[in-house]
Amino acid sequence: MVPKLFTSQICLLLLLGLLAVEGSLHVKPPQFTWAQWFETQHINMTSQQCTNAMRVINNYQRRCKNQNTFLLTTFANVVNVCGNPNMTCPSNKTRKNCHHSGSQVPLIHCNLTTPSPQNISNCRYAQTPANMFYIVACDNRDQRRDPPQYPVVPVHLDRII
């Protein structure tokens, strides 16, 4: 009885730890709206090299993000995808606010190769260019801080396919 209960408690703690890690990956810096944070993470590739481009994101999050995808398109083009038919989000089946791009776009996927928890400026990334479809989650804009020309805006890059 005791070993079974102990094992169950360990499994529960591991599950809660994984949920905490997963939840922390979707936290935006307070100075951004969700749409602004989407644009920063997935549209505004500040350098053609992942290592340099990821420094911007890592500095806001104060950690080395494991991976990130930059869509080589405009924010306006992604906003247009928000007008495509709604679908269930692949990463969260309870969300129905996702939209398929309908056409492939060039993108760069950055993958952390050299973590550096003590100094995030030393994190290094490999990059993989590709042409792929993507699925994006969209929500109504933040009335106070997002530009009024887009009533519905992208807030999460759910999947690349």
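Every residue, even glycine, has its Cβ placed from backbone N, Cα and C.
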Of the residues Cys64, Cys82, Cys89, which one does Swiss-Prot pair with Cys138 through a disulfide?
-> Cys82
Residue among Cys11, Cys50 that, according to Swiss-Prot, closes a disulfide with Cys110 | Cys50
The disulfide recorded in Swiss-Prot for Cys98 goes to which of Cys89, Cys123?
-> Cys89
Other C-beta atoms that fall within 10 angstroms of the C-beta of Trp34 (C-linked glycosylation site) = 19
Just checking the recorded positions Cys110, Asn111, Asn119: which sit within 10 A of Asn66 (substrate binding site), CA to CA?
-> Cys110, Asn111
What does DSSP say about Asn68 (substrate binding site): helix, strand or coil?
-> strand
